[in-house]
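> Checked TrEMBL, it gives:
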| type | residues | note |
| --- | --- | --- |
| BINDING | A:Cys78, A:Cys81, A:His82 | heme c 1 binding site |
| BINDING | A:Cys221, A:Cys224, A:His225 | heme c 2 binding site |
| DOMAIN | A:208-333 | domain 'Cytochrome c' |
Amino acid sequence: MKTVMCILSVLLIALSCSKDGMKESVEADNPEIFLHIPAGFPGLNSSVAENRPTKYGVELGEKLFHEKRFSGNNTISCASCHNPALAFSDGKQQAVGIYERVGLRNTPAVQNMAFMKFYNWDGNILQLEKQPLVPIITHEEMNSSILEVIGKIGTDADYRELFKKAFGDASITADRIYRSIAQYEYTLISANSKYDRVTRNEGERFTDMEEIGYTTFKNKCASCHGTALFTDQSFRNVGFPMNPNPEEVGRGRVTGRSADQMAFRVPSLRNAAYTAPYGSFGQFPTLRSVLDYFDKGVLEAENLDPILKENGNRIPLTEKEKKAIIAFLETLSDPAFIGK
Amino acid sequence: MKKLMNYLILSAVSFVMISCSKNDNNPVANNVSLHFNNTFKDKTIVLGGATSTDASVNTSEKDQVHRLSELKYVISNIRLVKADGTEIPYNVNDLDKGATVVNQAKPASLDYLLTNIPVGEYRQLKFGLGVKQEINTLDQVRFPVFYEAAGANDTDMMWQWATGYRFTKIEGFYGVENIAFKIHTGSTLNGTGGQPETYTQGVDAYRDITLNLTTTAFVGNNTPKIKIKADFDKLLSGRTKISLTAKNATTPSKHSGMEAMEIFVNNIGGDGKEDKTGMFSVESVEND
């Protein structure tokens with residue numbers, strides 16, 4: 001009996017060892033990609049801990065991000081609207097998807113997603129893994145379905161190889177598609193602009209104009225466009241011209257609170273020079289036109305942001321201040337990030 | 001010994017015969033059919049456009065005439081309750097086998113057959129108007145049949161942006177000028193696997209309905225037919241009396257958001273607390 005027990009335990013240990021060994025070998029072949037948190041950035045979205053980027057997870061996610069077979073007629077990929085050369089935005093007023101169908105809103109830039117608590121203009125998505133399904137099935141975007149996508153790419157040997165490298169076996173599942181795209185997006189971190197190098201004391205300095213702009217920005221813009229992300233991630237009705245589409249509710253559609261009616265997420269201003277036009281449906285062609293609008297006065301609303309209300313529904317700006325703010329905003333451009 | 005063997009075989013055969021005949025006369029389970037009668041008060045609704053002369057025209061308590069051109073809602077999470085209180089769930093976690101879109105424009109969709117319901121005496125029917133949150137994720141991989149049915153072009157019961165199903169889609173015209181209205185409802189909750197404590201934002205438009213059966217439904221040799229009335233008069237004349245205006249006639253919209261939507265949801269689906277019936281009632285139970 002004793003001998004049997006001994007043999008059994010030895011076998012058991014041997015089995016568990018080989019299992020661990022296998023896991024380790026997958027990890028060695030597919031190492032985790034360490035996400036460096038830049039100075040002054042907030043902590044990571046808690047979902048990142050559940051879906052740590054790995055070498056092949058990210059490689060797969062990037063390939064899927066550029067996969068046009070995501071759309072019903074194989075013409076639109078994520079990158080069609082989230083163009084890497086424009087900080088993953090598209091330069092259009094509203095997103096244009098399959099069959100030139102025009103979406104409800106302006107394509108948001110994809111950058112520093114790992115640090116965001118809310119996604120989209122209305123913040124209806126809280127975990128990046130839950131986002132990819134939305135464009136896949138939306139009529140104006142890709143007009144497809146996840147089973148259709150899996151059916152199209154499922155026989156592709158390159159994909160099967162990559163899924164195996166990323167997840168341990170070649171099975172192509174919806175969950176793995178969502179996770180790998182999110183992993184790729186988690187690695188899209190922009191924190192090497194002139195602003196970053198100046199504030200990190202890396203030897204560069206603002207010009208006089210940029211310096212004036214930075215001071216003005218801190219006085220007149222930073223209460224919303226705060227933190228190193230240049231957004232405090234709040235939702236505000238700032239009285240911008242309204243989307244003529246009657247289905248536009250802003251964040252009210254998500255929360256059901258009248259206080260959130262026509263409120264939108266404060267957008268990050270990083271790489272703003274690349275992400276024109278501006279506003280939830282691209283109302284403003286240039287940064288200058290946004291500043292002119294704030295200076296002139298915004299639309300009245302019951303739930304207008306209190307800071308604007310206290311200041312007579314406007315942000316008064318002189319000609320010089322506008323030019324200086326724009327000069328400062330251009331220091332938020334990160335050429336190394338563009339075209340990543 | 002041989003004799004004993006013969007007796008054994010004989011008794012085994014008769015046992016089999018008895019069990020067979022038992023199955024014929026006393027099944028362990030049978031079907032229950034649900035029929036949905038969509039009405040304005042007591043009259044079944046006839047759908048129609050603004051110029052239709054056949055469409056049912058209803059007048060609300062606020063004295064507003066209105067008619068419907070489209071009327072759809074999702075029923076899921078169906079349970080039958082026995083006289084002793086035992087709940088028999090009907091594929092409550094499987095939308096493919098336990099959920100349906102009732103569509104007034106498609107007569108076949110007004111009947112829903114529950115199969116293999118255990119024999120018993122049933123006193124109550126429970127179901128959800130909408131889809132409970134933990135499976136309201138547009139998961140085509142898990143529930144391809146319901147996904148296909150709800151997403152079909154002529155059904156269109158999805159909110160892609162919220163990755164959830166539309167729970168009701170009620171469209172029509174109001175007032176003497178026949179102004180169009182669209183009342184769409186659905187949930188926007190955001191959290192983990194149906195755990196309410198994880199929900200940090202969103203609106204819950206799912207309503208659990210409990211109906212007492214008018215007479216006991218006997219499932220056995222009988223296949224009871226339960227007729228359920230959904231009285232859409234309650235849409236505007238339920239707990240809250242509503243006049244349709246430009247501000248609330250489209251939900252969600254820039255004018256109304258979700259607050260107006262919740263009032264409509266409470267009127268037709270109950271508030272989920274004291275009112276567990278909303279617009280629903282049992283018209284009859286036929287044990288034939």
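Glycine residues also receive a Cβ, built from the backbone N, Cα and C atoms like all the rest.
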> Find the shortest Cα-Cα separation between A:His82 (heme c 1 binding site) and the binding-site residues A:Cys221, A:Cys224, A:His225, and name the residue that gives it.
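The smallest Cα gap between A:His82 (heme c 1 binding site) and any of the binding-site residues is with A:His225.
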> With the cut-off set at 10 Å between Cβ atoms, which of these binding-site residues ends up with the most neighbours? Options: A:Cys78, A:Cys81, A:Cys221, A:Cys224.
A:Cys78
> Around the heme c 1 site recorded as A:Cys78, A:Cys81, A:His82, what other same-chain residues have a C-beta within 8 angstroms of the site's C-beta center?
A:Phe65, A:Ser77, A:Ala79, A:Ser80, A:Asn83, A:Phe88, A:Asp90, A:Thr107, A:Val110, A:Pro135
> Tally the residues of the domain 'Cytochrome c' (A:208-333) by DSSP class, grouping H, G and I as helix, E and B as strand, and everything else as coil.
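Helix, strand and coil residues of the domain 'Cytochrome c' (A:208-333) number 50 helix, 8 strand, 68 coil.
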> Going by C-alpha distance, which of the binding-site residues A:Cys221, A:Cys224, A:His225 is nearest to A:Cys81 (heme c 1 binding site)?
A:His225
> Whole-number answer please: how many Å between the C-alpha atoms of A:Cys224 (heme c 2 binding site) and A:Cys78 (heme c 1 binding site)?
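Checking the Cα atoms of A:Cys224 (heme c 2 binding site) and A:Cys78 (heme c 1 binding site) gives a distance of 29 Å.
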> Please report how many Å separate the Cα atom of A:Cys221 (heme c 2 binding site) from that of A:Cys78 (heme c 1 binding site), as a whole number.
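Cα-Cα, rounded: 31 Å.
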> Are there residues of the same chain, six or more positions away from A:His225 (heme c 2 binding site), whose CB falls under 8 angstroms from its CB, and which are they?
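Looking at Cβ-Cβ distances below 8 Å from A:His225 (heme c 2 binding site), excluding near sequence neighbours, one finds A:Phe217, A:Thr231, A:Asp232, A:Val266, A:Ser268, A:Leu269.
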> Using the Cβ centroid of A:Cys221, A:Cys224, A:His225 as the reference point for the heme c 2 site, which residues of the same chain not in that list have Cβ within 8 Å?
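Neighbours found: A:Phe217, A:Ala222, A:Ser223, A:Gly226, A:Phe230, A:Thr231, A:Asp232, A:Val266, A:Leu269.
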